[in-house]
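Before any comments, here is the structure.
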Amino acid sequence: MQNFPPVEWAVSDAPVPYEAALAVMEARARAIREDGAPELVWFLEHPPLYTAGTSARIEDLKDPARFPVFEAGRGGQYTYHGPGQRVAYVMLDVAARGRDVRAFVAHLEAWIIQALAAFNVEGGMRDGRVGVWVDRTEPGGPPREDKIAAIGVRLKRWVSFHGISLNVEPELDHFTGITPCGIADPRYGVTSLADLGRIISMEEADIALKAAFQQVFASPLVRVDPPVTGSVPA
């Protein structure tokens, strides 16, 4: 496997406003593209909100007054972000990493799957359903799968931004204001590590995500100060 240069890694401890995060991502992606700035992986949480991807359908926003709604500009449909969910925004030079968008998304999925394995959770990829899923089928019952992590990225001149969100211990009821990722089939729901009985801290999730990223993307992570700090109202 080819090894790549170190990637900067930042962790924001307080919830970050979505618009502030979006501005940081766009500025950093532009700096990577135009000035050769270091790549960045940014771990954070948001206050409760919904984001709409480029394929979002208005009928999938079932409760528009519940939380603020933002146009994200990323691929995908509606998703929820909030406390207890680890968001990881990835600003990477995909051109230097092979110029293969499908392979890049597969790497993001593999990153999450490997991190979940640290907690004895078997995640998997599914054809036609981007993200990471876990089998929740009861013995003798009908097939059922729940989504534990979402993926939504955008590339501009081969530099990525947006990224992944892993449900550690969010309020799963907050997902009911949308049709998550546009999937209304009752066989497919949403879950979290806590819902699966894995009660872990965000710091423990970060350790697993860091180790998995370094292996899957073949880049060491170097800790830096977060680009945005400060809390926002929940």
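From the backbone N, Cα and C atoms, a Cβ is placed for every residue, glycine too.
Residues or ranges marked as active site, acyl-thioester intermediate by Swiss-Prot: C181.
The feature substrate binding site is assigned by Swiss-Prot to R74, G75, G76, Q77, Y78, T79, Y80, H81, A150, I151, G152, G163, I164, S165, with sequence analysis given as support. Just so you know, the Cβ of Y78 (substrate binding site) picks up 24 other Cβ atoms within 10 Å once every protein chain is counted.
Residues or ranges marked as domain 'BPL/LPL catalytic' by Swiss-Prot: 35-221.
The feature site 'Lowers pKa of active site Cys' is assigned by Swiss-Prot to K147.
A Cα-Cα distance of 12 Å separates K147 (site 'Lowers pKa of active site Cys') from I164 (substrate binding site). In the three-state DSSP classification, I164 (substrate binding site) falls within a strand.
Across the residues annotated as binding substrate (R74, G75, G76, Q77, Y78, T79, Y80, H81, A150, I151, G152, G163, I164, S165), the widest Cα-Cα separation comes to 16 Å. Other C-beta atoms found within 10 angstroms of the C-beta of K147 (site 'Lowers pKa of active site Cys') number 24, with every protein chain shown included.
The local packing around A150 (substrate binding site), expressed as other Cβ atoms within 10 Å of its Cβ over all shown chains, amounts to 26. Long-range Cβ proximity for Y80 (substrate binding site), meaning a same-chain Cβ under 8 A and a gap of 6 or more residues, is found for P48, L49, Y50, F67, P170, H174, F175, G177, I178, P180.
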